[in-house]
Amino acid sequence: MDPSRETFDGSTRDSYKPPNGAEMMGQSELNTQNRIPYNTSANNRNWQIPLYWQQRGNEFQASPPPPLGYVTPEYGATGTPVNANNASRVDYATTAANVPEEYANDYSSELAYIHNVNDMPHVDGLSNHSPATQPDLFETPAQSDPILFSSYPHAAQARVDPSISKDLYNMVPRPDANTVSPHAARSASSLPVPKEASETPFRDASTDLFDEHAHAAPMHSSISISTLLSDSDRYEPHVSLTENISPVMAPSIDARLSQTILRGLPPAQKLSPNSSQSQITHNRRKHKLPLNATTNNSVVLTPDTSPLLDSDEVVSDDDSNEQQTMMMKFNYLQHLRNKRDEAVHAEKRRLLDIRGSIHDRLVCRYENRYNKLHASEYNHHHDWAVRQAIREEVAAVEAAKIRADEEKKKKEREEQVRLLQESADKDAEMNEASTATSENEDLKDDLSLADLSSKKTANSQATENNNTPSKAKVKAESKVRSKAKSDKSRAKLSSDTNKDSEKNDNNDASLQSAGVASDGESSPETPLTKASKSKKAKASKLANDTSKNANGETKSTPKKSKKKTSKAQQEANSTTAEGKEKLSGDSTETGNSTNKEASTEDTKANATASAPNKKKKTVETLQQQVIKEIARKEIPRVYKIIQQNQYNRSTNARKTSQLCGREARRWQFRTIKNNKDMQTKAKRAMRETMVFWKRNERVERDLRKKAEREALDRAKKEEELRESRRQARKLDFLITQTELYSHFVGRKMDREQDLPSATNTASVSEINFDSDEEEDIRRLAVESAQEAVQKAREHSQLFDANRQQSPNNSSSDMNEGEMNFQNPTLVNAFEVKQPKMLMCKLKEYQLKGLNWLANLYEQGINGILADEMGLGKTVQSISVMAYLAETHNIWGPFLVIAPASTLHNWQQEITRFVPKLKCIPYWGSTKDRKILRKFWCRKNMTYDENSPFHVVVTSYQLVVLDAQYFQSVKWQYMILDEAQAIKSSSSSRWKSLLAFKCRNRLLLTGTPIQNTMQELWALLHFIMPSLFDSHNEFSEWFSKDIESHAQSNTQLNEQQLKRLHMILKPFMLRRVKKNVQSELGEKIEKEVYCDLTQRQKILYQALRRQISIAELLEKAILGGDDTVASIMNLVMQFRKVCNHPDLFEREDVRSPLSLATWSKSIYINREGNFLDVPYNTRNFITFSIPRLLYEQGGILSVPGLNTSRGFETKYLYNLMNIWNPEYTNDSIKSNPEGSPFSWLRFVDESPQTLFQTFQNPVVHYLDEAEASSSLKEEQLCRQEFCYGKDYSNVRKMLLLPKSITKVDVLGSDFKEDSPFYHLTHVLEESDSQLDLTLLDSVLVQRASAPPIDIYCPGSRQFTVLQSRFQRDHLWSHYLYQPLKGEEDLIINNQAVSKLPIPRKPLLPSFGIAKGSYSNVRIPSMLRFIADSGKLSKLDKLLVELKANDHRVLIYFQMTRMIDLMEEYLTFRQYKYLRLDGSSKISQRRDMVTEWQTRPELFVFLLSTRAGGLGINLTAADTVIFYDSDWNPSIDSQAMDRAHRIGQQKQVTVYRFITRGTIEERIVIRAKEKEEVQKVVISGGETRPTKQMDLKGNSREMVSWLLEE
């Protein structure tokens, strides 16, 4: 089997088959540098299909490559091939020069087709083998491919005519030219044609082989029609027509006829054979031709000398000859084109067939030879390497098994030695014990026989010495015997170890001998064999070291170890020396026998190694079977394992050596290390001791703190119990004191009888509420009340020292049974009539209020006038000032502080009601206020009727800014309008006003309690600081019970509530509208619930997902100012979503990106009265049409000398025209009754008039458009040709209105689409047409551009005609004229109305019609309304209110929402006004006046904080709260701007609430605050509501967010 046909997995490779064109695409070419085909490496076998021809798609412009398998190359101007892969172009000469000799004979057949192959004489069999070739059309080798010859383009260029070479190679022409023999042409035409080339057309839809401007298209060297017909190239037919035409396409040509046809001359101007030679010479000089140039048939061809005539003109009277000549011209040109195409296609097919055959033979043979050479070398090296690796692996496995057996035997021998040593030790101990016993017995015998005679002793001793051995001798012999036994066992063990080591050596030798190849030849030196040798050397060295260690050799033992032998061992050796000498013979014999056995085993091992391996073939057979399984996977893996093991062994050995060295040097550092260890241990012990004592102290401290905490808790509970009892008694004291105060004030007791001295009265702080008795506390309360009355009277006397007071002894009792503040406590004290200087009539309840205020002033007591909004608090306050001026001659100074929006109202009402009081409006800039202060800020100023001022009106902001100036004046009366502005006792405003010097203070507020009871205490302390001194205690007393009642509907103590009312009654007067004003109807409040729109839901859910519960709880616990601000910000974001999503982000105006250019601006002032501004917008993209395509009748075909438009004009519109006058006359004369033109006599028209009408281009155009709408299709084709295939698809996606132009509305019949129908049904059709023109597009394009400009380079005629067609004044009137102009022409000009009018648009409009669809996308206001649920409801509500003549006040919390509402009102065309915090004071006055006096104003937009205080807007009868305020009192004041005195209509209040959002919780919270007011002011019961925190702090808002 051929190894080159085997793959690595053992499967057979498929035989080579020449690939087709599709498989060859994208392959690499031959790489001659490495002498390896197709750019592959030596071990890479992925080259079974080596292909080097690459198909290039850039040879054809704007179209895919042709489907042929091989394509022709491109050639540049210098004749070299132009290709993207020139870097990898095959050098066949170099390739052939490097082919080995053994393949020269096989390769010589291919070298005939390689250029310069004869230049290699050094290669045998390769030189002089090029077969003879036949010349073809180009006199080149017929069987070769031009791409294989580097010099072929130059040679071909030299042999082609200059005019033809321009079309073929686009190179610089050369003057020399050779003719082509007919034999070469016939032989070339007889070559076979590839099947794929014959079946596939060479020319596709988008590529013209004869287009001069398609430079990338391949051209043939035959004559092209573009060359024959190009007048600018000055092609001379007599030079190249008959000489260079291929015989296949060269019929017999009449020189005169060809001259006539090619130059386009009429027959009347043909030259005769007898023409003069001078005329011919003149023509040759004119056209720069050689004088001796002749054709093959020796016929002289001369060009025409007369001017060229248009083919449409009639140049001769002989119409028949003219027609024949033109037909011959047309037919011959068609015949010439067909012949040329056939020759070109045949030549192309022949070249492609030659290229395919050459490629197949070269590639197939080269691959086969290379495969054989590569496969033999690869298999030789690869197989030997695999076998060697397997041998090494088997040897390694066997060595590992041998080493494992050795280790096992070694362990067994060590165990035997240990057992023998133990037995020997036991025997020695026993011998010593027996020897000691015998010695004792001998000693006893000596002592017993001491008294015997010496003779007997001597005899006995001599006998004993002769017959029995001595006991010492016996002892020595036993020791020697045991020692010899142990030595024998050691010798046996060492002999076994020697045998094992010899076996290892024999195994290594056998493994080494196994590395020899089976055929006896040594393997070549490869990296694999070198690695195996080094590995073997290391393994043998390791085995020798192991055997030496096992045998116990002492040669490798260091000398130092010998010196360290202990003295005990030396003594033992000396003791057993005698035993060793006696048993040396036995041990020597044993050693000799052991050596003999070892030598015998070595001999056997050597014999085994040297003997021939009988199982060698069997092993090799097994190896061949295993090789295919483990060659790819096992060998690399095992090799990696071996490498890793070797690395691990070396690493372990290195670490072991390092550890040994460290241990050897340890004794040198023993002292230092011990010291360090001692210090470390001491530190650790000290640290642990400290930790223990700290832990102990911490536990003791915790226990102590726990005990202290428990004690504090017990004490705190006891203190709370005592404090609760103390507070209860203190509250009772305060109530009693206030009741007595009210009683004293009402009865007007005498000072001498009832009021004690101040020295006998104790202060509240000095009273001990824990130990004092009830009687003592009551007595102290009486004294405190009397003292308070005395202080109040003394304070008023400071201002009345110089005035005479008229005492009034009338008194009244308290009305303790009433639970309201409608009847003042000081009633019946004295009656006050309405002042005469007051220029209005007070109502009954207003007169009662004046009496109450006058009595408070007389007693020096401050009060709170808390009438409901709209009951005339301002008039009552002004009447008090008039009363003081008229009755007591107190003309001031009076100070009125009011919100900024009501300052003008105060000034106007004071001037109108009391003209005698001079009022100074104190507001404006810093400079203005400085000037105003000169009038009232004076020292020692007296106030009477002639004083420069009496009343100063200013705002809260200015009072705080200029507090130093106001504090320098002693004010008789200070009136605070909308006193809820000082509800916070911690504000700087409250503190500044409290420091003013004034006799009396009057607070005007419609809501004395807005949120909590703490605000009520702030007002009470402001008017009576001596009674209501403790803020915390007041809040603790009243907030706990009343607010909990409003929160959870608990039961109130009625008695305590009555006493609380008694506290407030002396200082507060409050009336409601329903009780005192019967003519003012009640207001109707409605809640309008709105749903979130889809856009609002998305934003609301997004905000909810961003909230972190953990952060909210943490912020609720902290409760700082920053925390409250951040939580408030979150709540406001939710409220923005409920109002309108555009509060986050407005929708911008969008328009597509304009990809166009414009001309520079025109100076209009220089153009005079008439300015012509043409359409000058241009696209960045321009499309070039080849001149030949334009002139040959392409997309924009126009009549010309060399186009077919002249034939169409002549034959189709003139000769073959049924409207010809001659044909019409003949038809009428031949058949007057049955002629199709018999109707002419009825319309009184002549055939000539009919022919002129037909020749009108407009009539032709309308006829075609009416019949088949071909014009519209042509326009679409042009658009698709310029923009691409997706243009029509994009237009289908758009919802575009139909253009309303003249074409659509004008017609000739009285149908629904005729102009007369539309003119008579204008009212019916106007609405529908308006909807169509205003229709928006569904799809918004990202970019827009004008149509792509088309131009033809080199043709001025195209540019002129194109601009004339688009800019012509007559045609532009019909193409782009608007509808209005056409209607005017129809109505005013009857002549124009008779003309035929086009029914459909001729061209798309360049601009945008008036009122039609625009690309500029302005946000839709309808969508703006639909995006908000509230705005949608408001839109419907305003329509109803407008229809019923209502006027509306709309309140907002956010000024940005007011901005959006202004856009909505402008869109709906509602007249409105706007007032917010940014409005100036003067503007507010003017807007209020304008609203009250202009009934056409429909809506008043106000902010709740700025426009809800103090102004009178009774002209409105409807109030709408777009979003509710946190404070219900603010909303109540805002709705009372319309529901007040002077309102004649029913007031309706609408409150918009978004369902299921945070707004619902805000409204519930506001209702609970209203319940607090209801309890405190009117004493009514409340309905049960959801339990919530009334403090209004961060925890309340956190609870709302958690519910979200």
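Cβ coordinates come from backbone N, Cα and C, glycine included.
Among the candidates T179, T1182, T1493, the residue that Swiss-Prot annotates as phosphothreonine is T179. From S518, S925, S986, S1432, the position flagged in Swiss-Prot as phosphoserine is S518.
Range with Swiss-Prot annotation motif 'DEAQ box', chosen from 57-60, 713-716, 977-980, is 977-980. Per DSSP, the secondary structure of the compositional bias 'Basic and acidic residues' (406-429) breaks down as 24 helix, 0 strand, 0 coil.
Of all the binding-site residues listed (M869, L871), M869 has the fewest other CB atoms within 10 A of its CB. The predicted model assigns the domain 'Helicase ATP-binding' (854-1026) a mean pLDDT of 85. A C-beta separation below 8 Å, combined with a sequence spacing of at least six in one chain, links E868 (ATP binding site) to G1006, R1070, R1071, V1072, K1073, D1536. The Cβ centroid of D867, E868, M869, G870, L871, G872, K873, T874 marks the ATP site; residues of that chain outside this set whose Cβ lies within 8 Å of it are G1006, R1540, I1541, given in sequence order.
Around the Cβ of K873 (ATP binding site), the number of neighbouring Cβ atoms within 10 Å comes to 23.
The DSSP secondary structure for M869 (ATP binding site) is coil. Listed in sequence order, G849, K873, Q876, G1006, L1069, R1070, R1071, V1072 are the same-chain residues six or more apart from D867 (ATP binding site) with CB atoms under 8 A from its CB.
In the three-state DSSP scheme, T874 (ATP binding site) is classed as helix.
Using a 10 Å Cβ-Cβ cutoff, G872 (ATP binding site) registers 21 neighbours.
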